[in-house]
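Worksheet: the structure to be examined is printed underneath.
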Amino acid sequence: MNRKVAIVTGTNSNLGLNIVFRLIETEDTNVRLTIVVTSRTLPRVQEVINQIKDFYNKSGRVEDLEIDFDYLLVDFTNMVSVLNAYYDINKKYRAINYLFVNAAQGIFDGIDWIGAVKEVFTNPLEAVTNPTYKIQLVGVKSKDDMGLIFQANVFGPYYFISKILPQLTRGKAYIVWISSIMSDPKYLSLNDIELLKTNASYEGSKRLVDLLHLATYKDLKKLGINQYVVQPGIFTSHSFSEYLNFFTYFGMLCLFYLARLLGSPWHNIDGYKAANAPVYVTRLANPNFEKQDVKYGSATSRDGMPYIKTQEIDPTGMSDVFAYIQKKKLEWDEKLKDQIVETRTPI
């Protein structure tokens, strides 16, 4: 039986779980698939594994697909934690076949309700596609003295990839970076690559993801690794729902469906539809023919049918961003020498 290993960061999110569900549905027959669940804390690991087991038992794949589980405790805002995650992977796995970089941390501080109401009434479609009323904190640094969102969504995952490159090469892996519909170039200043001066650090981090992908996918291809960047469209997210009550959440859903009815392809609403593109590029796309310098998006038609829609990526600033991140990587290679500790606990 052929063995494959899949690491999904942010497995406990709505999108992360649905990526795993779709991977289970589409994986080849007669495969033993090890799903490496990632989390910052151990209690959440078992909860997520139980959810995946429940889906698998109902999926109709029990007879032709064997799955097992492992876990990885990693906090991408802590570079020692990132190094320990590499240490754990290096001890246990010779090859990795899938890596889904589903890092989507934001430092939200609520909603500008006056601005939200104004946007909804003046341009409802734009209000639920490219909202500007989400309040994000500015200037937040990690304990490693980096921009928190820069480290969480970009540098931490990139550093992890650089460390496990031998395993990814042996597995002829697919790397999938999860970007966003809101990764417009306007959200990133090359004078603020760590996103410390902006009030749109989340969106800026996704722009960095786009550029980092463009800067690296060709070299990875030479190693037999296929890297893609995707965006899941717009869907219900647990992380932002905490700022909504029952009525505002229901209102948001109504506006999402209205936007889809008015022709928006990006209002997937459901996390399962949002996970379409991440799994499409690993299971259905042909890397010999399909372009890797575009972004693959999860889209949905007016009548709710999911499909894939590609978007061009503006490469402006790619070289500057890559040079900055490479320099930062060398700095942390030096800082992290001999700083590995054992963190695993049996589950």
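Note that Cβ sites are derived from N, Cα and C of the backbone, with glycine treated the same way.
Pulled from Swiss-Prot:
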BINDING   L15, T38, R44, Y202, K206, S237  NADP(+) binding site
ACT_SITE  S179  active site, proton donor
ACT_SITE  Y202  active site, proton donor
ACT_SITE  K206  active site, lowers pKa of active site Tyr
MOD_RES   T345  phosphothreonine
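Location within the structure of each feature annotated in Swiss-Prot.
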| residue | record | Cβ within 10 Å |
| --- | --- | --- |
| L15 | NADP(+) binding site | 24 |
| T38 | NADP(+) binding site | 26 |
| R44 | NADP(+) binding site | 16 |
| S179 | active site, proton donor | 29 |
| Y202 | NADP(+) binding site | 22 |
| K206 | NADP(+) binding site | 27 |
| S237 | NADP(+) binding site | 16 |
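Pairwise Cα distances among L15, T38, R44, Y202, K206, S237, the recorded NADP(+)-binding residues, top out at 26 Å. In the three-state DSSP scheme, T38 (NADP(+) binding site) falls into the strand class. Here the Cα atom of Y202 (NADP(+) binding site) is found 10 Å from that of S179 (active site, proton donor). The binding-site residues close to S179 (active site, proton donor), defined as a CA atom within 10 A of its CA, are K206 out of R44, K206, S237.
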